[in-house]
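Note sheet for the following structure.
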Amino acid sequence: GTIHLFRKSQRSLVGKLTHEFRLVAADRRSWKILLFGAINLICIGFLLMWCSSTNSIALTAYTYLTIFDLFSLITCLISYWVMMKKPSPVYSFGFERFEVLAVFASTVLAQLGALFILKESAERFLEQPEIHTGRLLVGTFVALFFNLFTMLSIKNKPFAYVSEAASTSWLQEHVADLSRSICGIIPGLSSIFLPRMNPFVLIDIAGALALCITYMLIEINNYFAVDTASAIAIALMTFGTMYPMSVYSGKVLLQTTPPHVIGQLDKLLREVSTLDGVLEVRNEHFWTLGFGTLAGSVHVRIRRDANEQMVLAHVTNRLYTLVSTLTVQIFKDDWIRPTLSSVPITNNILNLSDHHIIPMPSLKAADNLNPVTSTPAKPSSPPPEFSFNTPGKNVSPVILLNTQTKPYGLGFNHGSAPYSSVLNQGLGIPGIGAAQGFRTGFANVPGRYGTNARGQPRP
C-alpha cells in the first residue's frame with residue numbers, strides 16, 4: 001500500500017475522551033458543574049460510610065438518589081458539549097442524540113438501583129438486622145440538602161425537558177390530588193401546589209419524609225422492620241418516577257413521531273398538498289432527533305410544467321415551522337403510456353384472402369429479446385418504463401390491407417392471369433356464359449400474390 005511518511009498517529013479512546021473533556025472544561029459555564037460534581041463525590045463517600053455504620057438499607061436507597069444527581073450533572077456536561085460540537089460527515093444530524101442517550105442511561109441505572117434495593121429488602125424480611133440511628137437522621141438531612149441544592153442551582157436542560165414532556169408518575173398524580181384538596185381549603189396555595197411539581201424535588205422530599213418516620217419509629221419502639229419498609233417505598237417511588245422518563249427517551253432513540261405533534265403534521269401536509277403544482281405528497285416520515293428537535297423527510301410529486309425551486313421553497317416554508325431538520329425530494333410527474341401488445345386477429349374480423357401476409361424474418365435468438373419490446377432484456381434487469389410495439393422476432397406477422405380497387409364493382413380478383421385466358425373464359429354478362437350474378441367466370445383465381453391460375457408459383 002501507499003506509505004504516508006507524515007501521517008498523524010491515531011488517538012486512543014482515552015486520548016479522545018481527554019481531548020473532548022478539555023474542550024468542555026474550556027467553557028466557564030462548565031466550571032460550576034464540575035464543582036458540584038466534586039462536592040457530590042465527597043457527599044456520596046460520606047453517605048456510603050454512614051449507611052455501613054447504621055446498617056440502614058433505607059438510607060442506602062436514599063443515597064442512590066445522590067448518585068443519580070451525579071449522573072444528571074454528567075448529562076448536563078454532555079449537553080454543553082453537544083452545543084459546542086458541529087455536524088460532521090459521520091454525524092450529519094449533529095450530536096443531539098448523545099444527550100438523549102445520557103438521559104436514558106441515567107434513568108435506567110436509577111431503576112436498576114431500585115431493583116437492587118428491592119432484592120436486598122426481600123432478604124432482610126427473612127432476617128431483620130439491628131439498625132443504629134446515630135447518624136441516620138444526619139445522613140438524611142445532608143442528602144436532602146445537597147439533592148435540592150443541586151436540582152435548584154444547576155439548570156439541567158435535558159432533564160428539565162424530559163420531566164415536562166414525559167407522562168406523570170403515580171407519585172405526581174397522588175400529590176396532585178392531595179394538592180387540589182389542600183387548595184380547596186386554602187386557595188392561596190394554588191400557585192404553589194397546583195402546577196405540575198418537579199418529580200426530582202418531589203421524590204427527594206418524599207424519601208426524606210420516609211426516613212424521618214423510620215427514625216422516630218425505631219427510637220420509640222425499636223421497630224427495625226420499618227427501615228426495610230421505608231427502603232421498599234423509596235425504591236418504588238424511584239422506579240415510578242424514572243420509568244416514564246426512560247420510556248420517553250427510549251421512544252426518541254427509536255425515532256418515533258411524538259404523539260402531540262401528529263395533528264399539527266397532518267394539517268401541514270394537507271396544506272402542502274394544496275399548493276400550486278403539487279400533485280401528491282408521499283413517503284413522509286418525521287421523527288424526534290433530540291429534545292425539542294424534529295427531523296423529517298418527504299417526497300413531493302409535481303406537474304411537468306411546475307417550477308421545482310418555487311415548489312421547494314413553499315413546501316419548506318410550510319413545514320419548517322414545525323420540522324427544523326427537513327429533507328424534501330421533488331420529482332416531476334411523467335406521462336404513463338399504455339403497453340402495446342400483439343394479439344391474434346380473429347377470422348370474423350378480416351378476410352385473409354383479401355390481404356397480403358408478409359412474414360417478418362427472425363433477427364436474433366428468442367432468448368435475448370423481450371416479448372413486448374425489441375430491446376434485449378436481461379433476467380435481472382427491471383422491466384422498461386415504456387414499452388412500444390416495435391418490429392421484432394416475437395411480433396405477430398403484419399397483415400396489410402389490399403388497397404387495390406376493383407373497377408365497376410364487377411368483383412375482379414387482380415392476379416397475374418394472362419389476357420388471353422380472360423377472353424376465352426368470357427365475361428360474366430347476364431345471359432352469357434356460366435357466371436352467376438356479376439362475378440367473373442374464373443374458376444381457379446390465385447388467392448395470393450405471386451401464384452398463377454393453377455396455384456403454382458410463378459417463375
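Including glycine, each Cβ sits where the backbone N, Cα and C put it.
The domain 'Cation efflux protein transmembrane' feature in TrEMBL is assigned to 34-254.
Among the features that TrEMBL reports, region 'Disordered' is placed at 370-390.
Counting only same-chain residues 6+ beyond the ends of the transmembrane segment (31-50), those with a CB under 8 A from a CB of the stretch are 25, 59-60, 63, 66-67, 69-70, 73-74, 76-77, 80, 135-136, 138-139, 142-143, 146, 150, 153-154. Under the heading transmembrane segment, TrEMBL lists 31-50 (among others).
Per TrEMBL, the feature transmembrane segment maps to 62-83 (among others).
Residues or ranges marked as transmembrane segment by TrEMBL: 95-116 (among others).
What TrEMBL lists as transmembrane segment is 136-154 (among others). Remote same-chain residues near the transmembrane segment (136-154) are listed as 32-33, 36, 39-40, 43, 46-47, 50-51, 54, 56, 59, 62-63, 65-66, 69, 72-73, 76, 198, 200-201, 204-205, 207-208, 211-212, 214-215, 218 (criterion: CB distance under 8 Å, separation of at least six residues from the stretch ends).
As annotated by TrEMBL, transmembrane segment applies to 200-218 (among others). When Cβ-Cβ distances below 8 Å are used as the criterion, the transmembrane segment (200-218) is approached by residues 56, 58-59, 61-62, 65, 131, 133, 136-137, 140-141, 143-144, 147-148, 151-152, 159, 163, 171-172, 175, 224, 226-227, 230, 233-234, 237-238, 241 of the same chain, each at least six residues removed from its ends.
According to TrEMBL, the feature transmembrane segment maps to 224-243 (among others).
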Residues of the parent chain within Cβ reach of the transmembrane segment (224-243), under 8 Å, 6 or more residues beyond its termini: 56-58, 60-62, 64-65, 107-108, 110-111, 113-115, 117-118, 120-121, 124-125, 128-131, 169-172, 199-200, 202-203, 206-207, 210-211, 213-214, 217-218
